[in-house]
Amino acid sequence: MSILVYEVSKSLGNLKVLDRVSLYVRKVSLVALLGPSGSGKSSLLRIIAGLDSPDYGSVWLHGTDMTNTSTQYRHMAFVFQHYALFKNMTVYENISFGLRLRGFSYQKIRNKVNDLLDCLRISDIVSEYPGKLSGGQKQRVALARSLAIKSDFLLLDEPFGALDGELRRHLSKWLKRYLKDNGITTIMVTHDQKEAISMADEIVVLKQGRFLQQGRSKNLYDEPIDYFVGIFSGSFIEFPQLEESLDAPLGSSSSSSSSTKKSMEKDFTPFIPDLIWSQIFTNQSIHHYHFFLRPHELYLESQIDLKAIPVQIKKIIYKRTFVQLDLSITPSSWNITIPIGYQAFRKLNIQSFVQKLYIKPRNQVYLRAYPKKKNIISKQI
């Protein structure tokens, strides 16, 4: 059962909540909506669910225009941030409510509810009322209630937002497998990029009510359409900028800026083996762009390598699953942060901060270039 949203727009007064948003969700796939608060993600879910009407555009479910069709006929379940549990019903009664309405037998209801209670790790609260539950428990009860009726479509708004740690990772993996096994087409809103990458077949990025890019997580990570999508899908390492005016005539430069440029070209030689990129880096047009790499595209080693750039260790931060190295390339004042696994870190055999490391690009590098915009780096996202 596929979902097609075609040029949907929605305004609240003078505020444009959604601006001609289009997306397609293939049958039995999971699409994650990413974007900052206020980008229109939850509003889009409400329109797809039939809880709100668009000012313009249409919503198609499995090839049928359902834009003006009531929610109850859309064969759709949803879990929003306000869990809407029945306060006077126990956890068991909340989860079984939809099954009882559909006339399932007592034994089938019991088996289904108990299975979901076990999988979502809430068997211990089966007789409790919502008023006594934590936010994370309420979330899981609401999710279990939606999954119990096995709809064709499922809409999730931050389904694990109140959870963290190992439980959240476990439930994310379980839910992805459950949705595939039961043939449910799903759209999920999340602020957790790692969760979106691990769960979703495709990711959609929204900003200020506008569609920016849709694709597989690897495509968005490797080749984001702009800086915003790039930084939203993972960490960037920016190439340093030359100290030279953007308004300077082509070919004109001071002796100091010329020496800086030569130093920069020398430092970046390993990164620009391609002829086209070489021309960009030696051309005035470099001043009009920001250039970025992903941290994983860089390789660190402790042995002297004439084809690599020497770097100074500034700081070592030990995280739960990786080590963060803050490094500096002195001639060009290029400060970079590289996360590496503990096994790779041990191989570097770092003895002191005085020790130099050597960095170079891996075999395949996507050198991303985006036009400069005022305050593009410092802008809060």
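Residue numbers in this text run from 1 along the chain shown.
Glycine is no exception: its Cβ is also placed from the backbone N, Cα and C atoms.
Counted within 10 Å of its Cβ, the other Cβ atoms near Gly40 (ATP binding site) come to 23, all protein chains included. Sequence annotations record features per position, and here Swiss-Prot assigns ATP binding site to Gly35, Pro36, Ser37, Gly38, Ser39, Gly40, Lys41, Ser42 based on sequence analysis.
In the predicted structure, the domain 'ABC transporter' (3-233) carries a mean pLDDT of 92. Annotation source Swiss-Prot lists domain 'ABC transporter' at 3-233.
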*Which chain neighbours of the ATP site, leaving out Gly35, Pro36, Ser37, Gly38, Ser39, Gly40, Lys41, Ser42, have a Cβ atom within 8 Å of the mean position of the site's Cβ atoms?*
Leu206, Lys207, Gly209
*Which state, by DSSP, holds Ser37 (ATP binding site): helix, strand or coil?*
coil
*Of these binding-site residues, Ser37, Ser42, which scores lowest on Cβ atoms within 10 Å?*
Ser37
*Output the one of Gly35, Pro36, Gly38 that, of all these binding-site residues, has the highest number of other Cβ atoms within 10 Å of its Cβ.*
Gly35
*Out of these binding-site residues, Ser39, Lys41, which one has the fewest other C-beta atoms within 10 Å of its own C-beta?*
Ser39
